[in-house]
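Some notes on the structure that comes next.
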Amino acid sequence: MAIILGVDPGSRITGYGVINCVGRQQVYVGSGCIRTSSDELPLRLKQIFDGLSEIIRQYQPDEFAIERVFMAKNADSALKLGQARGAAIVAATAANLPVAEYSATQIKSAVVGTGRAQKSQVQHMIQQLLKLPSAPQADAADALGVAVCHYHTNQSLAAMGGRANSRTYGRYK
């Protein structure tokens, strides 16, 4: 049994999703969004750190997975996203959680079956996979997708006799 916290980072909205993995089953535990209220980036980063630290205390996850930074057309947006990821990763490492990173393509492939899936397709598949009464909000669905991707990656590696490691899957120690 493992509880996985998945995070879809953003400087304004950071989605989180928690699943409990029992054998080959993934059970929905909780999800939501941390919406930052300040216009000043340092205060938004603190809100992300504090919010995820509280979520970690509440759900007591065993593992933490986060979406990797993608290349953005706007360099300023990419930098802010990277800083939001940093705040999230520090919250995880402060709680001694192993951190794994996955690209958007890996996440979409694990959830939908194609790396070019639309957000609405991810929402629909997360609803189906986790047997939810309705589709979660987009950022929360993406975060649940990160957790599902991490579960499937570890299941595949376990079948081959291993687990995600720091070189291959971007874990921090």
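All positions are counted from 1 along the displayed chain.
For all residues, glycine too, the Cβ spot is worked out from N, Cα and C.
Annotated in Swiss-Prot:
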BINDING   ASP8, ASP139  Mg(2+) 1 binding site
ACT_SITE  ASP8  active site
BINDING   GLU67  Mg(2+) 2 binding site
ACT_SITE  GLU67  active site
ACT_SITE  ASP139  active site
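ASP8 (Mg(2+) 1 binding site) carries a strand DSSP state (E or B). Distance noted between the C-alpha atoms of the residue listed as 'Mg(2+) 2 binding site' and ASP139 (Mg(2+) 1 binding site) is 11 Å.
ASP139 (Mg(2+) 1 binding site) counts 24 other C-beta atoms within 10 Å of its own C-beta, drawing on all protein chains shown. Reduced to three states, the DSSP call for the residue listed as 'Mg(2+) 2 binding site' is strand. Here the Cβ of ASP8 (Mg(2+) 1 binding site) has 24 other Cβ atoms within 10 Å, regardless of which shown protein chain they belong to.
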